[in-house]
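Before I ask anything, here is the structure I am working with.
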């Protein structure tokens, strides 16, 4: 059991009595118990008990009446680094290699989810927001952010919560007979208005109260969301194909060459037998539903995620040379998607799995939403309410993504720019709203994974545990710029290999992104400690300083936060998602006012500040 400071003190003094150190102790007869108590009392008096918030680069406490002061500070801080943001990604061969591998990672990690969410939005909006529009939004928004943001390592993406907001907007538009695109544009404009207010009043300084524990709770929620979506799609394959296998048979009820013979169809019985009503002569058959499809979908999804995770950890293996291992690991996601797309499409070409519903040469219609000025007052009232809730989601997602990139463990040198980044996101979403394109904001786990892709790391072994430490991260715009240019070019690819990627491979990609987000998560590590033998505990900073009971209580509090987020975020009632950003905001007062009543604040800080 982990000892408290008091117990450690007693052990140290007891040891002193039993060694030569006892010769230096007072000669008077003093009871051992009293001496221990005096010693520990002195130690306790030197321990910090006052609660001090950690300083976050780029978030300075400025008076609210100094409008835009935080934004101006971000601009001054980051402007001097603008040229080096490009040079640092190209100044040597190692940096060039890292920039190329990060570009390939971003291309797959951003494009494929964009296609998935674009397909979802196309169904929700009855074709008003299509896959092509989603790719345009990703390419334009991502490129603009990479060029003009304060922290270009942050990656923007349209997300599942945004897709849910779009479904709510479509539902309200149908109920009150508003033009959807006009109503969508109004909500987007009101969202931008609120974000601009947040920028001008320096609201991002609230991120000083966002601790590591809060960010990791939200990060683990995103991991659960990616895994949930992937498993949901796989379960649908089993629902459609495994439970009721059937084959459509095309045949004739008479002689095969008789022109008067009528072509008919039949479906096999659930046990695979042919019913009496089937044609006497079978001309062809179409495998509509088969258990083979369900099993292949499961294998491809799990194998894509597993292979990607194994390749990404290849740098820890003893095989090949160090630079070779790192080069292979940098392309883990791309290799995994390509390999299992080939296996699914060519190796099992007799099993027809669903591919992406993506036609790159389809006509793209971008029309300015001029009807926004003709909306009635009730539509603007709804737009204001939805825009406010949406702005809170933007504020929290964007800033938490930036905070996880700017974590001290990444050792960034150029400083953060929360206010500037939020302004750039607002400017990006103005044309997206007015042209019926899906909104985008900072995304997890893409942003911290991008930082990891640009990093040099070293491994150290301590008491049998291998840990990775970031030496430095190339704070470069190169990979973000190149990746989003390539995403834009994918619209005009003739032909495109994207149409050959089976959908289960996308589910594997989601699993890979979700599980990759667990790396370095202290919350996940502490959750595993509950079922880990104590002798196998890693020699982490907080384990040495915090009693075991406090560690588990703190982890339980974080788990309860995660549970609340999961209930609100995954509940099937879509309108409940409107309060989801407020729940995220409430995590901060819960951490600073409720948890310290359960776990002493000094121990909370020890776990929040541990690297």
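In case you wondered, yes, glycine gets a Cβ from its N, Cα and C as well.
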Examine the ranges 372-396, 447-471 and name the one recorded by TrEMBL as transmembrane segment.
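Feature transmembrane segment in TrEMBL: residues 372-396.
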With the ranges 77-99, 100-122, 215-237, 238-260 to choose from, which does TrEMBL describe as transmembrane segment?
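It is 100-122 that TrEMBL annotates as transmembrane segment.
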Where else in the chain does the transmembrane segment (510-531) make close Cβ contacts, counting only residues six or more beyond its ends and a cut-off under 8 Å?
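Residues 109, 113, 116, 212-213, 216-217, 219-220, 222-227, 229-230, 301-302, 304-305, 308-309, 312, 333, 336, 409, 444-446, 448-449, 452, 468, 537-538, 540, 542, 551-552, 554-555, 558-559, 607, 610 contact the transmembrane segment (510-531) from elsewhere in the chain.
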Near the transmembrane segment (331-351), which residues from the same chain, at least 6 beyond its ends, have a CB less than 8 A from one of its CBs?
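Here the qualifying positions are 101, 104-105, 107-109, 112, 287, 290, 292-293, 296, 300, 303-305, 307-309, 311-312, 314, 497, 500-502, 504-505, 508-509, 512.
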Pairs of Cβ atoms less than 8 Å apart decide it: which stretch in 294-311, 416-440, 551-572, 578-595 has the most with the transmembrane segment (181-203)?
416-440
With a Cβ cut-off under 8 Å, give me the same-chain residues at least six positions beyond the ends of the transmembrane segment (143-169) that come close to it.
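Distal contacts: 58, 74-75, 77-78, 85, 106, 109-110, 113-114, 117-118, 120-121, 124-125, 129, 134, 137, 180, 183-184, 187, 225, 229, 386, 390, 393, 397-398, 401-402, 405-406, 416-421, 424-425, 427-428, 438-443, 446-447, 450-451, 454, 473, 475-477, 480-481, 484-485, 488, 569, 574-575, 577-578, 580.
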Please indicate, using numbers and ranges, the residues of the same chain that are 6 or more beyond the transmembrane segment (294-311) and have a C-beta under 8 Å from a C-beta there.
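Here the qualifying positions are 230, 233-234, 237-238, 240-242, 328-329, 331-333, 335-337, 339-340, 343-344, 348, 351, 353, 502-505, 507-509, 511-512, 515-516.
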Please indicate, using numbers and ranges, the residues of the same chain that are 6 or more beyond the transmembrane segment (578-595) and have a C-beta under 8 Å from a C-beta there.
51, 161, 165, 168, 206, 209-211, 213-214, 217-218, 386, 389-390, 392-393, 395-396, 400, 554, 557, 561, 564-565, 568-569, 604
